[in-house]
Amino acid sequence: MAPATRTSLILGCVLIIGPWLICGQLPLPVISLSTNQTVIRLHDSFSIRCTGDSELNWDFPSSEDEDNNVTIRSEENNSGLFVSVLIVKNATAHHTGAYTCYYNDVQTEDNDIKGSEVYIYVPDPAVPFVRSVMFDHIILVTEDEIATIACRVTDPNVHVTLTNKEERKIVNALYDSKQGFLGIFPSGSYVCEATVNGVLFKTDDFIVQTWKANKNISVEMQASKTVFRSGETINVYCIVLENEVVNLQWNYPGQQRRVGIMKVDETKVPQVRLEYTLTIPNATVMDSGEYECVVTSAIDDVTEVKKINMTVHDKGFINLSPNFGLLEYANLHEVKSFSIDVHGYPSPKILWLKDNVTLNKNLTEITTSTLVTEEARYITMLQLIRAKEEDSGLYTLVAQNDAEIKTYSFELQIKVPALILQLADDHHGSTGQQAVECLAKGMPVPDVEWLVCKDIKRCNNDSSWSILVTNGSEISMETHQDHDNLIKSQVTFKKVEETVAIRCIAKNDLAAVTRELKLVAPSLRSELTVAAAVLVLLVIVIVSLIVLVVIWKQKPRYEIRWRVIESISPDGHEYIYVDPMQLPYDSRWEFQRDGLVLGRILGSGAFGKVVEGTAYGLSRSQPVMKVAVKMLKPTARSSEKQALMSELKIMTHLGAHLNIVNLLGACTKSGPIYIITEYCFYGDLVNYLHKNRDNFQSRHPEKPKKDLDIFGLNPVDESTRSYVILSFENNGDYMDMKQAETTQYVPMLEMNEASKYSDIQRSLYDRPASYKKKPISEVKNLLSDDGFEGLTLLDLLSFTYQVARGMEFLASKNCVHRDLAARNVLLAQGKIVKICDFGLARDIMHDSNYVSKGSTFLPVKWMAPESIFDNLYTTLSDVWSFGILLWEIFSLGGTPYPGMVVDSTFYNKIKSGYRMAKPDHATHEVYDIMVKCWNSEPEKRPSFYHLSKIAESLLPGEYKKCYEKVLHDFLKSDHPAVTRMRSDSDNSYIGVTYKNEHKMKDRESGFDEQRLSADSGYIIPLPDIDPVSEDESGKRNRHSSQTSDESAIETGSSSSTCIKREDETIEDIEMMDDIGIDSSDLVEDSFL
């Protein structure tokens, strides 16, 4: 057979000409075989002859096994060449593979076998795949490297496929029957399959693992710390990024003595990261030095070296290196810094002391700080901000760790200009001696000099001053310095014959200051003493007058809390208050005094009182009506009378609404001002909630409903009802409703026997006529005052809705309440809520709900932030107060912000956004309303219109229908508050005719129909109560029109002559004479 060769290039080999490859100066051996690829039948025998220039050896498929079927025989030919023959008997599938003949004594640099090769196939239908070793099944390659999956076959004609087991699909790759599948394969498991004679054969799994190899090596070297103490553990980290195929070598100081502990951790997310760790336990000083990490790429032998220094100390230590001396100076008001370098391990604790007292870190004038410059090295700094004289002292730095303590102290002196603290004359009495003492200070310590001027008239000229000379007997001087560097210099005169001037001069490097004193001869001293005493008395008188004026001005004055505002900017953010005194007063509201009988006092405050009364002739449907009458105290000032009249004008201007305490009439002429309002049977809402706490039910009661009339018709049998009075406790809490122990009266004009107080029935205007006979089931008991069924959650929602409707009405009139709270909400029969204001009758100085702020008292806990901090009151600030009111309702009369005192902490919490938690009985929907009302930005709070809609959505549908019907019938009824707002075409709505009705009609001003629509209205204040004593009650038991005559008498004219006013007629005066009133005793005829 013609010789053939299969050659490979190796290091150091050069290709010559023809089939000869010269390697190590010898030609490759020659194999005697007819072809390079031979297929041998199963169980046949074959031989291969190899000829070469040196001793030969063979490599064949079963060379590592003990194969008795393979023998090798060596021969020599005549030409001196070496001959080796390999003989295979009974060939099997395991003999399939490459047969290589090579020289024994020739090695390449990589120790690979290089020689001539022939490939033999031995087909076996039962064994289609050549047996492979375990290492062939684990294939490690880089990402872009061509891999070989060695599923070789015994028959070159067999069709083989490759399948990816994870993806379960055939892989399209190049197949070589001598090598297997060649290609770039992703990591995974693969299997080769072949079908022979209809039988499917599979190989074992081939595992391909790809490694990321990067030509650019990214290496980082880290250590948790680089300074150690003997016995600690050193950990050094060498981190390789984006490259998995690397070799790493550690070089470190103690490598020859002992081997460190090495490990490697690998992560692939988010990037490939190899972390090699070198650990040296129980480190010693000999382990100090340079640690080196050498990383070499397995692809192209690129090497990266990283180094880090480690220091091991025998024990802990501290070294201090100050940058200044033991004595330092700083100028007054100078910014001065002192820094010290600290080197220590373990990390020391650093403290600064002044005069052996630790400096407070919260000081703003003296600050300390410590910075880490590098491991175990620090810079600590002491800084004086605008140095002051008291900053002088001994400063000490203390650095301490568990090994030792180091300190450094220095003295700091603040340079202060010379200053004379005191220049005083000390008279020694009977001895006649006089001493002048000059007390001065400064740094450096000042020198003190004395000058004298004997010609007092010329002492303004420096030439008149001369140095004070001491002579021991007549004039002596002594100077000494104390431990605070104060200089005390004293000059003593044995006797002063005439007045002289003494000047003390204190000077140092920074300044020179002087002060002067006159020494008066003893003969003149008594005269000066008398003059000084007179001056002191004069000063005391002046100061006393000033104090009295201040106290008088700070005395609280009555002012109406509610305001009518008018916007003066398009966005509504700028507004002005409407002056109520500019509003007209319509005489239709005037009610004759002889038609009003005053009864017991309901309440009394700092400025006025509210009295229960009976009005005769307010309307045709109810000629007798129980009312509440507001009036000022006899001691009221003119400004308070004007404020009450302003309140009345606003009320007449705004009109009536179901959910406010409505104005019924007023008496402004021929006596003190009376404001007549609706009488609310159940008192304030806070007390009502307190009273019914124990009966509160979270759901509607299931007991049968009573056929009570809407708006509380017959809630309790009239014969068994006890009247109530409103009073304030001394602690200033909410008004308390309690039974009256004694009934006090303020009697007015005695009526006939048929009209006594005991015969009065309550007002029918608390319930519209059309609703007198309707059953309670129509409103699901929500508009019932049946106290025996308890208080329910729906009642609380009803109160919420009604207050929102009342405030919606006020907001529509541009009216700001400014004191919306549960104490200013009354409850009428039928559980009808009515908004009011107790400003006139409340003793705000003793009410804990009002906090002194300047010269006034404010309900701070109910006020919006913009009202507290910016004095800004709008409808949106009332919305905030509405949220607080909701909290009161659903806490059943709790005090807002429980446990909190109104102080700077309270104000800071409000500014920072603190809000109250949900009260116990509020639903999440209700609490959400509160939170919206408490938005710190007013424009983001809901309007009262939206609040009423939200509250309406929480109530049953029947309730809204019933409420609207009640409101409609109220506005269509002959209620005095409603009828007086209608057209003046019918004057017959007043049941009792005035004596001078034609003159009163002439006084009526024109009325704007649109402004006085039935929709308008406003709230009025009702009282806190301080019942009048029995003695006072006795004094007032006179004619009805003389109820407040005390004030009229005190301020009226002393003349007995009746002087006719400009707007009075003879009939007016006669009418007052008929009822026993002296017109000269009246405070005023009218506030119009």
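A Cβ is built for glycine as well, from the same backbone N, Cα and C atoms used for every other residue.
Here's what TrEMBL has on this protein:
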type     : residues                         : note
SIGNAL   : 1-24                             : signal peptide
DISULFID : Cys50-Cys101                     : disulfide bond
DOMAIN   : 128-195                          : domain 'Ig-like'
DISULFID : Cys151-Cys192                    : disulfide bond
DOMAIN   : 215-309                          : domain 'Ig-like'
DISULFID : Cys238-Cys293                    : disulfide bond
DOMAIN   : 417-520                          : domain 'Ig-like'
DISULFID : Cys438-Cys504                    : disulfide bond
BINDING  : Tyr575, Asn824, Asp837           : Mg(2+) binding site
DOMAIN   : 596-971                          : domain 'Protein kinase'
BINDING  : 602-610, Lys630, 678-684, Arg823 : ATP binding site
SITE     : Tyr963                           : site 'Important for interaction with phosphotyrosine-binding proteins'
COMPBIAS : 1040-1058                        : compositional bias 'Polar residues'
COMPBIAS : 1064-1088                        : compositional bias 'Acidic residues'
Across all the protein chains here, work out how many other Cβ atoms are within 10 Å of the Cβ of Gly605 (ATP binding site).
25
Provide, as an integer number of angstrom, the distance between the C-alpha atoms of Cys293 (disulfide bond) and Cys151 (disulfide bond).
41
Spatially closest candidate among Cys151, Cys438, Tyr575, the listed recorded positions, to Gly608 (ATP binding site) (Cα to Cα):
Tyr575
Kindly assign Cys192 (disulfide bond) to one of the three DSSP-derived states: helix, strand or coil.
strand
Where does Asn824 (Mg(2+) binding site) sit in DSSP terms: helix, strand, or coil?
helix
Roughly where does the domain 'Ig-like' (215-309) sit in mean pLDDT, to the nearest integer?
88
According to DSSP, which of helix, strand or coil covers Cys50 (disulfide bond)?
strand
For Tyr963 (site 'Important for interaction with phosphotyrosine-binding proteins'): DSSP state (helix, strand, coil):
helix
Using C-alpha atoms only, work out the spacing between Cys151 (disulfide bond) and Cys680 (ATP binding site) and round it to an integer in Å.
105
Helix, strand, coil: count each for the residues of the domain 'Ig-like' (215-309), based on DSSP.
6 helix, 54 strand, 35 coil
Nonlocal neighbours by CB distance (under 8 Å) for Cys238 (disulfide bond), same chain, sequence gap 6 or more:
Val219, Glu220, Met221, Leu248, Trp250, Glu275, Tyr276, Thr277, Leu278, Cys293, Val295, Lys306
At the Cα level, what's the spacing in Å between Cys192 (disulfide bond) and Cys101 (disulfide bond), rounded?
30
What are the sequence-distant neighbours of Cys101 (disulfide bond), meaning same chain, six or more residues apart, C-beta distance under 8 angstroms?
Pro29, Ile31, Ile48, Cys50, Gly52, Leu56, Asn57, Trp58, Ser84, Leu86, Gly115, Ser116, Glu117
